[in-house]
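Feature annotations, reproduced from Swiss-Prot:
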- 4-24: transmembrane segment (TRANSMEM)
- 44-64: transmembrane segment (TRANSMEM)
- 89-109: transmembrane segment (TRANSMEM)
- 119-139: transmembrane segment (TRANSMEM)
- 140-160: transmembrane segment (TRANSMEM)
- 173-193: transmembrane segment (TRANSMEM)
- 212-232: transmembrane segment (TRANSMEM)
- 244-264: transmembrane segment (TRANSMEM)
- 304-324: transmembrane segment (TRANSMEM)
- 373-393: transmembrane segment (TRANSMEM)
- 485-505: transmembrane segment (TRANSMEM)
- 589-609: transmembrane segment (TRANSMEM)
Amino acid sequence: MNTIFNSSFLLIFITLMIPLVTSLSPKKLNPSPSSFYVKTAVKISFFISLIPLFIFLDQGLESIVTNWNWMNMGPFNINMSFKFDLYSIMFTPVALYVTWSILEFALWYMHLDPNINRFFKYLLLFLISMIILVTANNMFQLFIGWEGVGIMSFLLIGWWYSRTDANTAALQAVIYNRIGDIGLILSMAWLAMNLNSWEIQQIFILSKDKDLTLPLLGLVLAAAGKSAQFGLHPWLPSAMEGPTPVSALLHSSTMVVAGIFLLIRLHPLIQDNQFILTTCLCLGAITTLFTATCALTQNDIKKIIAFSTSSQLGLMMVTIGLNQPQLAFLHICTHAFFKAMLFLCSGSIIHSLNDEQDIRKMGGLHKLLPFTSSSLTVGSLALTGMPFLSGFFSKDAIIEAMNTSHLNAWALILTLVATSFTAIYSLRLIFFTLMKFPRFNSFSPINENNPMVINPLKRLAYGSIIAGLIITSNLPPAKTQIMTMSPLLKLSALLVTILGLLLALELTNLTHSQFKIYPTFPYHHFSNMLGYFPPIIHRLLPKINLNWAQHISTHLIDQTWNEKIGPKSTLIQQIPLIKLSTHPQQGYIKTYLTLLFLTLTLIILVVFI
């Protein structure tokens with residue numbers, strides 16, 4: 001069994017590496033574009049990854065660990081260690097399936113880009129880094145995958161490097177993620193110094209009697225940076241400056257879920273530390289509500305979907321705080337399908353409307369782009385947790401776990417409100433984009449009759465509909481489920497979703513009777529300005545630092561050193577002596593008479609006394 005798992009994953013890595021290795025050859029091995037090879041390699045890898053998945057589900061195995069010694073440094077060893085358990089074996093096919101669809105869509109979306117082959121290789125490296133992170137069984141190997149997705153996100157977000165906004169967004173992503181990386185590096189240093197090992201299994205065993213609050217805080221900081229939790233979230237909506245396929249891959253199954261996956265993988269360290277669990281719970285609750293609030297008033301179609309991603313990541317962090325990592329992993333898997341489909345639908349709409357992203361300038365697309373409109377509707381309903389779509393199976397389970405837990409009721413209320421907000425902005429997106437009459441230029445090249453558009457959306461739509469049922473049917477519960485529950489608690493998630501839909505319909509009706517150009521609702525600007533985070537963090541703080549630095553340089557260097565201590569001070573001290581010495585040389589008779597009188601007085605005193 002071990003041989004089959006090792007061979008399958010080795011074959012996956014080899015298949016994914018072939019397009020990268022062949023591109024290093026000075027001679028072209030085949031005149032066909034390498035972008036097709038990348039898509040084909042990911043497709044083949046997906047079917048290979050199904051072999052260990054079916055065997056794993058059939059045999060009911062726990063996990064398989066494979067070690068190869070890499071480096072010896074006295075008592076501290078670094079190994080190449082792969083862990084094939086439920087998380088890695090189930091996540092890998094999901095990531096490959098979603099990436100296959102995104103790459104096929106990118107063949108159509110990026111066909112005019114002169115560097116499309118390099119673009120596809122970057123996406124492939126992005127995927128390989130995520131698979132390395134998911135299958136890693138030691139912290140060093142996990143860190144390689146962690147940094148891999150970080151650097152590839154920088155290259156892909158800033159793909160259109162001639163645009164200032166794209167460069168700024170790429171730098172912003174790197175800086176915010178570097179803050180999180182500091183937490184991961186410090187945690188790894190603490191583990192190496194106190195436990196003398198980076199092997200995850202050994203860390204679980206050796207840390208039984210240790211106080212792990214400090215390294216776990218570092219891990220939470222790392223997850224907050226990579227998964228865009230509150231405080232380190234501004235880079236996620238800014239990342240929409242990259243191409244739409246990048247946004248789809250970034251938000252569905254790679255980088256943004258890496259932070260949550262880190263906490264899932266190391267959850268045995270967290271499960272008994274109440275301080276860290278409470279931190280995750282409160283951080284996730286604030287994140288999911290704040291970002292859902294920001295999504296309510298956005299007009300950029302990609303930013304609405306981006307904030308919905310951040311809100312769902314907050315929901316996953318809440319689930320970590322509830323001590324339910326398997327539910328967080330379930331939501332990662334189901335979320336990947338409909339979130340990738342939402343981004344691909346937005347890319348299809350943007351491409352068809354001459355790169356227009358403002359939903360106020362859309363409308364009436366349900367007749368012009370029927371397949372894209374249907375997919376967008378299915379994805380939005382899955383996002384809201386509509387029954388029997390994939391999002392329902394994970395979101396409903398999370399809300400049930402919160403309702404039946406004895407933990408923070410405040411976090412529960414925030415999460416329920418955020419769930420209602422999810423329904424509001426999802427229906428708002430559908431209403432402005434697909435309904436009513438067209439509000440765009442009639443000369444837009446609207447066309448979705450391309451297999452490279454329809455096939456990816458079709459596959460992701462299938463996943464958004466049935467993936468939740470398939471995964472929950474084969475995912476064994478890690479903890480005892482709640483056997484009895486009142487109907488009100490059972491239906492709470494559905495009730496708040498329906499409440500949000502009704503509220504969204506009421507708000508859309510109010511827009512027709514609004515006579516003032518600017519909204520009169522007092523909190524509109526708070527939501528539309530992203531909680532004033534960008535002005536405060538990116539403008540006010542640098543301005544304060546600049547003014548403080550100028551004040552210090554002016555007062556400390558110019559006034560204190562130059563005027564009170566340095567050259568000017570020396571000059572001022574010499575002025576009285578200079579005046580005293582130059583006074584007798586000015587040619588005044590009274591001065592000469594005074595000197596003569598003093599001289600005669602001294603002579604008389606010396607001679608006669």
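Even glycines carry a Cβ here, placed using N, Cα and C.
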Task: Region pair the transmembrane segment (140-160) / the transmembrane segment (44-64), three or more CB pairs under 8 Å - done: no
Open item on the list: Applying the under-8 angstroms CB criterion, which one of 4-24, 119-139, 173-193, 244-264, 373-393 scores highest with the transmembrane segment (89-109)?
Closed with: 244-264
Open item on the list: Below 8 angstroms Cβ to Cβ, which residues of this chain, lying six or more residues outside the transmembrane segment (373-393), approach it?
Closed with: 308, 312, 330, 334-335, 337-339, 341-342, 344-346, 349, 365-366, 419, 422-423, 426-427, 429-430, 433-434, 457-458, 460-461, 463-469, 471-472, 493-494, 497, 500-501
Open item on the list: Assess whether the transmembrane segment (119-139) lies in contact with the transmembrane segment (4-24), where contact requires at least three Cβ pairs under 8 Å among residues 6 or more apart in sequence.
Closed with: yes
Task: Residue numbers, six or more beyond the limits of the transmembrane segment (244-264), whose CB comes under 8 Å of its CB atoms - done: 87, 91, 94-95, 98-99, 102-103, 105-106, 109-110, 123, 126-127, 129-130, 133-134, 142, 145-146, 149-150, 153, 156-157, 159, 180, 184, 219-220, 222-229, 236, 270, 280, 302, 305-306, 309, 313, 316-317, 320, 325, 328-329, 332, 335-337, 339-340, 343-344, 346-347, 350
Task: Among 4-24, 304-324, 485-505, stretch most in contact with the transmembrane segment (212-232) (C-beta, under 8 angstroms) - done: 304-324
Open item on the list: Can you see whether the transmembrane segment (44-64) and the transmembrane segment (304-324) are touching - at least 3 CB pairs under 8 angstroms, only pairs 6 or more apart in sequence?
Closed with: no
Task: Contacting positions for the transmembrane segment (4-24) when only residues 6+ beyond its ends and CB under 8 Å are counted - done: 34, 37-38, 41-42, 44-45, 48-49, 51-52, 55, 64, 66, 82, 84, 89, 92, 96, 117, 120-121, 124-125, 127-128, 131, 135
